[in-house]
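Listed in Swiss-Prot for this protein:
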DOMAIN    135-344  domain 'ATP-grasp'
BINDING   171-226  ATP binding site
BINDING   Asp297, Glu311  Mg(2+) 1 binding site
BINDING   Glu311, Asn313  Mg(2+) 2 binding site
Amino acid sequence: MTKLRVGLLFGGRSGEHEVSINSAKAIATALSASENATKYDILPVYIRKDGCWQAPDVAQQVLESAQPLSTPTDKSPQLWQFPPQVNQVDVWFPILHGPNGEDGTLQGLLTLMQVPYVGSGVLGSAVGMDKITMKTVFAKAGLPQVKYMTLSRGQIWSNPCIFPKLCDEIEETLNYPCFVKPANLGSSVGIAKVRSRSELEKALDQAASYDRRIIVEAGVIAREVECAVLGNDNPKASVVGEITFNSDFYDYETKYTDGRAQLLIPASVPDSIMTQIQEMSLAAFAAVDAAGLARVDFFYVEKTGEILINEINTLPGFTAFSMYPQLWAATGISFPQLVDRLIELALERHQR
């Protein structure tokens, strides 16, 4: 049987570069497992932090070391070229997190290449990345959410006379605590929990340095639960998992530092709540036009039984600590089986 050449694409220019490397390393291990080794050949392709694509031999070194490649100090303009091996790929497995990886830009390039790839297309990826657009789509789908406000960088930076009034409006509408987030970053990068006017002003300035679109959400006392989705037109939802942590909120350091957060799988919730979360996950998946895979995050207000959708991640992490593969393992699909199924789904979607 002829093996499929899987282009494992990782790295990238976002702040989640290191997460991408760790995810790619785990996927490469799963693709090399006995049940997959006879089906797939891995062709790793690494994108350096400056956006330069690196050939498989260099990419393999990065996978083995799990360390980013240093970028040249020479900043003179260069014309990046794809490694020639790119033309040998049968199916792409992109595992780039954040901007320029899961926001539709890379998906557009792969679509132009006319080669199958794992995950959502341009639309689903773009909607899933931009928190403001995502929330608009969720509202249209009738999915309940926390109260929020949207802002622009121009509102925060352009007129110092308007800024105090903007903060007044946030305080009156959302109160404290609230969360300030850049609209287009993942892994909690740039997010701040604020409890006072001074913290709010600082957080808004910080978020504006990351993105020109900012969202501010009301804080809610709730359990944080997540559900994984797998499939294309008839997707399935996994068991529900819960994240517990000792830090102030589920920030970048807590997410990716061993021992800082605990994943409880399955979550200890009533069966009716489990079913409702699964149904809402599938509704969110359809609403953004996702494909292949996604992880959907919720707030479960135990006191009232209310379930509020937080966000959908169309290219969730695949590190040793990541919720997505662990949810499917608890549902009965091992890591090697999961990556195999994702490749099958990519091929199916491409043939439609």
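Placement of Cβ uses the backbone N, Cα and C atoms for every residue, glycine included.
Features as recorded by Swiss-Prot, highlighted on the structure.
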residue: Glu171; record: ATP binding site; DSSP (3 states): helix
residue: Cys178; record: ATP binding site; DSSP (3 states): strand
residue: Leu185; record: ATP binding site; DSSP (3 states): coil
residue: Ala192; record: ATP binding site; DSSP (3 states): strand
residue: Glu199; record: ATP binding site; DSSP (3 states): helix
residue: Gln206; record: ATP binding site; DSSP (3 states): helix
residue: Val220; record: ATP binding site; DSSP (3 states): coil
residue: Asp297; record: Mg(2+) 1 binding site; DSSP (3 states): strand
residue: Glu311; record: Mg(2+) 1 binding site; DSSP (3 states): strand
Checking the binding-site residues Cys178, Ala192 for other Cβ atoms within 10 Å of each Cβ, the smallest tally belongs to Ala192
Cβ proximity for Arg213 (ATP binding site), under 8 A, sequence spacing 6+, ordered by residue number, returns Asp130, Ile132, Thr150, Leu151, Ser152, Arg153, Pro182, Ala183, Asn184
Whole-Å Cα distance, Glu311 (Mg(2+) 1 binding site) to Leu185 (ATP binding site), is 12
Same chain, |i - j| six or more, Cβ under 8 Å of Val220 (ATP binding site); the result in sequence order is Val146, Phe299, Val301, Leu308
Rounded Cα distance in angstrom between Glu171 (ATP binding site) and Asp297 (Mg(2+) 1 binding site) is 26
The rounded CA-CA distance in Å from Gln206 (ATP binding site) to Asn313 (Mg(2+) 2 binding site) is 23
Asp297 (Mg(2+) 1 binding site) sits from Glu199 (ATP binding site) (Cα to Cα, rounded, in Å) at a distance of 26
Among the binding-site residues listed as Cys178, Leu185, Ala192, Asn313, the Cα nearest the Cα of Asp297 (Mg(2+) 1 binding site) belongs to Asn313
In the domain 'ATP-grasp' (135-344), averaged pLDDT is 92
Residues near Leu185 (ATP binding site) by Cβ (under 8 Å) yet at least 6 apart in sequence within the same chain, in sequence order, are Ser14, Gly15, Gly98, Pro99, Ile191, Tyr210, Asp211
The correct three-state DSSP answer for Arg213 (ATP binding site) is strand
